[in-house]
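Structure first, commentary second.
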Amino acid sequence: MLTADDKKLLTQLWEKVAGHQEEFGSEALQRMFLTYPQTKTYFPHFDLHPGSEQVRGHGKKVAAALGNAVKSLDNLSQALSELSNLHAYNLRVDPANFKLLAQCFQVVLATHLGKDYSPEMHAAFDKFLSAVAAVLAEKYR
């Protein structure tokens, strides 16, 4: 459960991320593909080389979806319903992969934001990403 302080920290964090969505999102995807190569199977039609248009475009979509979720912290299920349907019914992505991408996104933020990514902000974002992963996995039950 996200506290009022968590929500405040997440809003502050996303203000720092907003101008870098494509960069951070694509870097998180690239990191996931390198660290967890089995995740590449969900992208057979993508050029997965670093810096490819497809990875950059999808990274931007991922980060934008997270940004929309930050704007809807009190109603994540509704905000992510369409994405949950897409990943569960059409793409059939194993929900374990959401946590892998979340870990990679954390590393990207820590790398780029440095001291601006405080332990409290990290903890709030971790709770948020866990909540997002849970919502995305809801339709699998």
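From the backbone N, Cα and C atoms, a Cβ is placed for every residue, glycine too.
These come from Swiss-Prot:
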| type | residues | note |
| --- | --- | --- |
| DOMAIN | 1-141 | domain 'Globin' |
| BINDING | H58, H87 | heme b binding site |
Predicted model, mean pLDDT over the domain 'Globin' (1-141): 92
H58 (heme b binding site) - helix vs strand vs coil (DSSP): helix
Secondary structure content, the domain 'Globin' (1-141) (per DSSP, counts of residues): 117 helix, 0 strand, 24 coil
